[in-house]
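Engineer: From Swiss-Prot, for reference:
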type     : residues                        : note
ACT_SITE : 290                             : active site, proton acceptor
BINDING  : 18-23, 41-56, 225, 391, 407-408 : FAD binding site
BINDING  : 246, 258, 357, 402              : substrate binding site
MOD_RES  : 49                              : tele-8alpha-FAD histidine
């Protein structure tokens with residue numbers, strides 16, 4: 001089958017797949033270290049979804065009041081509901097201030113205080129004095145377009161350091177030999193050629209799989225391509241049952257209203273005009289952790305206190321804030337609310353509803369970004385030649401629930417750490433290990449089979465079925481009955497993939513084929529998500545079970561590892577959470593009841 005296609009071969013020291021915040025920080029970091037670096041991306045780099053990140057990036061700079069990276073670590077561990085690995089969380093929080101200053105030096109146009117320091121706003125779950133003090137102003141912001149500012153700056157740095165970009169190239173599969181990754185096969189959408197990239201290290205920075213759900217803040221390109229490739233390579237994914245619902249997606253549109261809106265003083269109300277978060281989180285109120293706020297909103301709606309004709313959403317009030325604050329600190333939100341909700345935020349509340357926003361789960365890695373698998377003794381062993389960073393990865397710094405503004409931090413800290421590790425492991429221009437023709441043939445055969453699929457089901461119809469099933473069966477609240485039913489339905493939908501129909505057989509700009517390949521990636525991840533959720537019989541972070549309402553550390557303080565074997569069977573395994581710190585600069589944070 002390889003002879004039927006024009007395959008172009010390349011050799012690089014490193015290939016990064018994805019050009020969002022994590023991918024670009026990794027790519028130029030590696031190029032800066034003297035490694036011949038390629039960056040493959042299915043869309044132009046500055047269209048990557050990092051551009052949509054609004055509220056900010058967290059670091060204990062202390063510009064707006066006393067702060068300490070140890071407090072930041074405590075909040076992150078608590079936010080993770082004690083499922084985050086404390087060594088990785090320490091690494092991230094300790095390196096956060098330097099990461100921000102590095103971004104500033106690269107040219108990120110952060111908003112400023114009157115003294116000229118980087119402006120920091122409060123965000124959910126961020127406190128001082130190990131949770132005993134007041135809310136921390138820790139989230140560094142560039143108005144409400146922080147991701148946009150960071151992504152453009154990182155792209156400029158990538159060009160400066162001569163990263164070779166392959167733009168509008170779609171990654172098909174990893175080249176694996178003897179349990180090692182030796183490259184990646186991709187499809188050039190512009191001219192229809194297939195490319196075999198050989199590399200000493202492949203970095204997956206492909207983002208999350210939010211589009212497995214019907215309503216998500218994610219772009220339609222967020223199809224978890226890295227996770228799909230990892231599953232097909234026989235690797236497990238970690239903690240996939242933990243899907244974050246952002247409290248404030250615009251009702252019916254799903255577009256994000258940043259948590260920064262509540263950080264600036266916005267608040268939620270029900271049909272009675274009551275600020276209901278005071279009942280659920282008396283101390284933090286509207287700035288409780290995202291899973292807490294999303295559940296509170298869902299309960300209000302369920303109990304008949306929702307607003308609107310169908311009583312199926314709540315209101316976010318910003319109209320008490322001065323127009324000057326809205327214009328200077330939340331300009332994008334004002335525009336988004338006007339376009340997608342028809343609301344003037346200076347006069348009217350915004351209709352909002354919890355919306356799928358972030359995947360805490362992903363490809364398991366250590367804090368160097370190296371992909372890890374569990375060996376027979378419950379220890380981790382590294383998959384040679386393969387790294388994963390950003391939302392595609394599970395380090396795990398977010399555990400069962402991510403704190404707002406820790407995601408942009410995750411991107412730059414672990415993007416940088418992956419580059420440093422790669423430079424340590426790889427000698428520039430060293431010879432590549434061989435690959436078997438059969439490995440390449442297998443990838444091309446799968447691609448060709450999908451391309452010539454001539455069944456009865458349209459890709460769009462099957463995708464919609466999956467999205468609606470995930471929305472109804474793996475949502476904010478879950479039960480065994482609903483999850484088991486969802487697992488059966490997603491399995492059936494995945495089986496339906498064998499009967500898809502591709503109308504366009506061409507190789508140049510074939511969006512029908514792109515969407516079919518993306519759907520394959522989404523279906524595998526949807527499947528392991530719902531099976532992992534059905535297996536975890538407790539409530540922790542974003543995984544809220546009505547039939548098991550309490551956290552159960554004795555049985556369930558462990559990471560889920562889920563994979564799909566060659567027969568298509570779901571395999572669920574577990575490994576311990578790392579409860580020890582990296583250094584003695586801070587003691588391990590013992591599990592406690594999570595109250596805001």
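Counting starts with 1 at the first residue shown.
In case you wondered, yes, glycine gets a Cβ from its N, Cα and C as well.
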Engineer: Over all pairs within 246, 258, 357, 402, the annotated substrate binders, what is the largest Cα to Cα distance, rounded to whole Å?
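Structural biologist: So the maximum pairwise Cα distance among the substrate binders is 14 Å.
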Engineer: Kindly assign residue 18 (FAD binding site) to one of the three DSSP-derived states: helix, strand or coil.
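Structural biologist: For residue 18 (FAD binding site) - judged by DSSP and reduced to three states - the answer is coil.
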Engineer: Return the member of 246, 258, 290 nearest to residue 55 (FAD binding site) in space, with distance defined Cα to Cα and candidates limited to these recorded positions.
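Structural biologist: Nearest in space to residue 55 (FAD binding site), counting only the recorded positions, is 258.
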Engineer: What residues, ordered by sequence, lie under 8 A Cβ-to-Cβ from residue 18 (FAD binding site) and sit at least six positions away in the same chain?
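Structural biologist: Set apart from residue 18 (FAD binding site) by at least 6 residues yet with Cβ under 8 Å, we have 39, 40, 41, 48, 203, 204, 205, 206, 207, 226, 390, 392.
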Engineer: Could you check the binding-site residues 22, 43, 51 and say which one's CB has the most other CB atoms within 10 Å?
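Structural biologist: Within the set of binding-site residues, the most crowded position is 22.
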Engineer: Measure from the Cα of residue 290 (active site, proton acceptor) to the Cα of every one of the binding-site residues 43, 51, 246, 357, then give the nearest.
Structural biologist: 246
Engineer: Between 258, 407, which of the binding-site residues has the fewest other CB atoms within 10 angstroms in the structure shown?
Structural biologist: 407
Engineer: Where among the recorded positions 47, 49, 290, 357, 402 do you find the Cβ with the fewest other Cβ atoms within 10 Å?
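Structural biologist: Comparing Cβ neighbours within 10 Å for the recorded positions 47, 49, 290, 357, 402, 47 has the fewest.
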Engineer: Using all protein chains shown, find which of the binding-site residues 55, 246 scores highest when you count other CB atoms within 10 A of its CB.
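Structural biologist: Sorting the candidates by Cβ neighbours within 10 Å, the top entry is 55.
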